[in-house]
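Here's the structure, in C-alpha cells; my notes come after.
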Amino acid sequence: MTDHLPAGVERRSFDGEEHLATEGEPVYGEPVRGGWRAWNPHRSKLGAMLEAGMDTGLAGGDAVLYLGAANGTTASHVADFAGPTYAVEFAPRSARDLVDVAEGRGNLFPLLKDARKPETYAHVVEADVDAVVQDVATRGQARVAVENAEFLADDGRLVAVVKARSEDVTADPEAVFADFRTDLEAAYEILDAERLEPFHDDHLGVVARPK
Ligand SMILES: C[S@@+](CC[C@H](N)C(=O)[O-])C[C@H]1O[C@@H](n2cnc3c(N)ncnc32)[C@H](O)[C@@H]1O
C-alpha cells in the first residue's frame with residue numbers, strides 16, 4: 001500500500017505498535033511519545049482515510065476549512081500539520097470543547113456556525129483555501145459540500161465523509177452513496193471514493209476537486 005501522508009503526519013511507534021501521529025498537545029487521552037500524538041482511525045474518519053492510503057491531496061501547511069468539527073478530535077490533528085484551520089461546528093456544547101482545544105493551537109479557529117449557511121462565516125474564512133474537510137453526519141451532506149465549494153482554490157480539494165444512515169436509516173448505503181456522488185457532481189469532479197470499513201461502518205470517504 002502506498003502512503004499519501006501530508007507532511008507533519010507520520011507513522012510512528014507507540015509501545016511497539018505503529019500508529020499515524022501528529023505533533024502537538026494531547027486532546028482526548030491519546031498516547032503521546034516524544035511530543036507525537038497517536039491518531040486513532042477508529043475515532044476519526046479522516047484518520048481512517050489516511051490509514052487506508054487514500055490520496056487526499058492534503059499537504060502540510062494547507063489552509064483548511066473543516067466542517068463538522070465536533071469537539072475537535074480530528075480538527076486538532078489537522079491543525080497540528082496544517083496552516084490556518086477554520087473549524088465550523090453548530091452544536092454549542094461541542095463548540096465549547098473545541099474552544100478549549102483551540103486554546104493551545106494558534107492556528108485553529110473555532111466558528112460556532114451552521115455549515116449550511118456559508119454566508120455567515122464567509123467574512124472570517126480566508127479566500128481560496130487548499131482543502132475543505134467535511135464530516136457533518138447530517139441529512140444533506142452533498143448540499144453542504146456544494147454550498148462550501150466557493151471557499152476552495154481552483155486546485156483545492158474536498159475531503160468529505162458521507163454517513164449513509166444520516167441521509168436515510170433504511171436505505172441501502174450504496175444507493176445513498178450513489179445519490180451523494182450525483183449531487184456532488186453539481187460542483188465537483190470526484191477523484192476517489194472508498195468505503196471506510198473496518199474503521200467506520202457504512203461511511204464513504206470522498207476526495208474531489210472543484211469544477
Ligand atoms: C460525526 S461528528 C464530527 C466528528 C469530527 N469530525 C471528528 O472526527 O472529530 C458530526 C458533527 O457535525 C456537526 N454538524 C452537523 N451538521 C452541521 C451543520 N450544518 N453545521 C455545523 N456543524 C454541523 C454535528 O453537530 C457534529 O458535531
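Keep in mind that glycine also has a Cβ here, set from the backbone N, Cα and C atoms.
Annotated features, as they stand in TrEMBL:
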- T73, T74, E89, F90, D114, A115, D135, V136, A137, T138: S-adenosyl-L-methionine binding site (BINDING)
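Feature map: TrEMBL annotations on the structure.
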residue : record                               : DSSP (3 states)
T73     : S-adenosyl-L-methionine binding site : helix
E89     : S-adenosyl-L-methionine binding site : strand
D114    : S-adenosyl-L-methionine binding site : coil
D135    : S-adenosyl-L-methionine binding site : coil
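Summary: among the binding-site residues (E89, D114, D135), the fewest other C-beta atoms within 10 A of the C-beta are counted at D114.
Within 10 Å of the C-beta of A137 (S-adenosyl-L-methionine binding site) we count 16 further C-beta atoms, all protein chains included. Our reading of the S-adenosyl-L-methionine binding annotation (T73, T74, E89, F90, D114, A115, D135, V136, A137, T138) yields a largest Cα to Cα distance of 19 angstrom. Here T73 (S-adenosyl-L-methionine binding site) comes close to V27, Y28, R43, S44: these same-chain residues lie at least six apart in sequence, with C-beta atoms under 8 angstroms from its C-beta.
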